[in-house]
């Protein structure tokens, strides 16, 4: 049944979903999708329905496929789940994907913009983010696009990580050469190694993003709001200071090393000077999350055990997930060889399985 949410403006949005759902309001729009709130009439449950029209671009198809496969794979309190996927009538008429998900009231980006967060809030939100990340990393999955708008929240302060469209396997044997072409993740939360070398990306890139999010929660504004690639690195080094010799030689790319060497020497700014009102333990964790050298950055498990998160840490209630099976990301390895039609078939098969 085709339904149209009430909307201002001239653009019409129609949702072709089962009569079990009553569409209510548009709650979000992205490059290739619209999210509406709805009611599942048989149960009275409020849900979010994400309508995706990915078939114009291979990249959107790949993101949709990753999102569906991974959200179905994880079953975790702090990762958004797919309650249902609308099954198309047939392949011929299949040109939209409808994901039915839990309805969350807001996201971290909106919350940070509209209110000051207490230290308790910061603790609880970072704890839940790391709890989700522990499951992802134990499954050998990198999220790669952690940022405040991808942390969904409800009135209970429950947090769920969403948007797995850029995720990939940490055990990936390819050289990540396609990584940057598709890597449109928000620059502000990108780890320095992503800009300084094109070879190895590890779980530490997600840990860096968590550090950027914690800093933003503490101050209410982004820590490294770079305008472009060079500006981004400059902002990072303005705070962290010029890398030590050991960290400098840890950078794989010679070109990247030469670029760093060409920059003026900078002294580190203590986080206490940037966040004078913040809890000392929060700043100690921040220091460890935002280590310039990925090899020295704290792991998710270590971060969960950090004294700042002690009020919430419970080793018996921080579940891991099984490693993703061999072949789970095969479509990604062959992505350049797959036509849009082949990708559409893969998405159709994933929905119908």
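Glycine is no exception: its Cβ is also placed from the backbone N, Cα and C atoms.
What Swiss-Prot records for 145 is active site, proton acceptor. If you look up Swiss-Prot, you'll see 27, 28, 29, 30, 31, 32, 33, 34, 35, 50 marked as ATP binding site, on the strength of sequence analysis. Per Swiss-Prot, the feature domain 'Protein kinase' maps to 21-309; the stated evidence is sequence analysis.
When the binding-site residues 27, 31, 33, 35 are compared by the number of other C-beta atoms lying within 10 angstroms of their own C-beta, 31 comes out lowest. Residue 31 (ATP binding site) sits 15 Å from residue 145 (active site, proton acceptor), taking the C-alpha atoms as the reference points.
Residues 27, 28, 29, 30, 31, 32, 33, 34, 35, 50, recorded as binding ATP, reach a greatest CA to CA spacing of 14 Å. Using a 10 Å radius centred on the Cβ of residue 29 (ATP binding site) and all shown protein chains, the other Cβ atoms total 13.
Cα to Cα, residue 27 (ATP binding site) and the residue listed as 'active site, proton acceptor' are separated by 21 Å.
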